[in-house]
Amino acid sequence: MVIRMGAGEVGPSITQLAKDVRAMMEPDTASRLKVCFPAEIHSRAKVAHSGVQERKANKLKDYISMAGPLGVSHLLLFSRSNSGNTNLRVALAPRGPTLHFRVDNYSLCKDVTKAQKHPRGGGKEYQTAPLLVMNNMKTQQDASSDPIRKQLEDLTTTIFQNMFPQISPQTTPLSSIHRIMLLNRELSNAEDGTFVLNLRHYAITTKQTGVPRRIRRLDPKEQRQRQKKGSAIPNLSRLEDVSEYLLDPSAAGFTSASETELDTDAEVEVLEAQTRRVLSKKQVQKLRDGKSKDRSSGGSNVEKRAVKLVELGPRMKLRLVKVEEGVCEGKVMWNEFVTKSKAEEQEMDQKWAQRRKEKEERRKEQRANVERKRRLNANTRANSNGDRAEDEEMEDRWDSEDSDVDDVSLEDGADEGE
């Protein structure tokens, strides 16, 4: 769940950054969640889907209370400090820990799109989760030299890995991976003590390589991948033969055949998807006996494809400044700017142990008070039911006495008539 804290105070840029990060986390994010207070949840049958509405009055506990019913595992909270710094808190729900990042620099999706000559539009890429790629997250130095730094690297790596579903190279189809989220850590000196991450978001595009552009435009598979349907199929109405289109450099306004080389990041060999004919029982038996050959299996179906990454945005430069034990609260496990001695750490541990003890005592007292109120309410209901039963019995007795009096008066009136 990606949220901006302090709606109306963070500004339009941070609001748009939160929306871009929410789109980057698709589809495993609450993109159309309407935030309500816990008191409002009971009065509404279901959560509205009119868009995310982070109001100024919403508190962090409101989001944490909704994280459990909605199955939210991570909270990404954008906020702005009094000094004007943009902060990002990555918390594990419901017990923590929390990573505090300071956003040194960021670029929105619209800024990245304006800087590109051929931007990538939003299509089916956002129907599947992005592939997480991390670089330089763990250093090669010995853990005994700096155990705290090693634990910090492991914690950060684990938190970001658990944001996205796991993949298996044997079972995950390549066609389901359309985007990449890159986390690159800037290596610094051991004395510096900084932990800086650069976040990038790319779309994966592939094209056939080693094939002239004219022939590639006639491939049906390439036609389906093109966005502009109007210019997908070339106009051959003025040509007498298809060879004029393939051999003439000036036909249809194309350049020479030297355009077979593409501006790519890498080239890979993949198996070309082929349709196989369903065989009958007789044909399957002939294949087993060796009397017939499967024509569909003949020949190599390996093709070379050029892979290129197109940046979608947003960009962020994150600097880790603090790690807390709970969800945006609790004991400070690491701080970039504050270093404490062992005596101060022991004093802090004793202080937090005392706070936990007091908190547990308050919980016990609250449970005892709730149980006492329940028993009192039960006794009150029992007494009220008993009084109600006595009142009904008295009413029945009065009704029977009134009916007896009426019967006696009717008899006396009959005697007088006689």
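Just so you know, glycine gets a Cβ as well, placed from its N, Cα and C.
Automatic prediction, not curation, is the source of TrEMBL annotations.
The domain 'Brix' feature in TrEMBL is assigned to 1-329.
According to TrEMBL, the feature region 'Disordered' maps to 211-233 (among others).
Residues or ranges marked as region 'Disordered' by TrEMBL: 281-302 (among others).
The compositional bias 'Basic and acidic residues' annotation in TrEMBL covers 286-302 (among others).
Tertiary neighbourhood of the compositional bias 'Basic and acidic residues' (343-371): same-chain residues 330-331, selected by CB-CB distance under 8 Å and a gap of 6+ residues from either end. The feature compositional bias 'Basic and acidic residues' is assigned by TrEMBL to 343-371 (among others).
Here TrEMBL flags 343-418 (among others) as region 'Disordered'.
Look at TrEMBL and you will find 377-386 tagged as compositional bias 'Polar residues'.
Sequence annotations record features per position, and here TrEMBL assigns compositional bias 'Acidic residues' to 389-418.
The compositional bias 'Polar residues' (377-386): residue composition by secondary structure is 10 helix, 0 strand, 0 coil, according to DSSP.
Residue counts for the compositional bias 'Basic and acidic residues' (343-371) under DSSP, split into helix (H, G, I), strand (E, B) and coil, are 29 helix, 0 strand, 0 coil.
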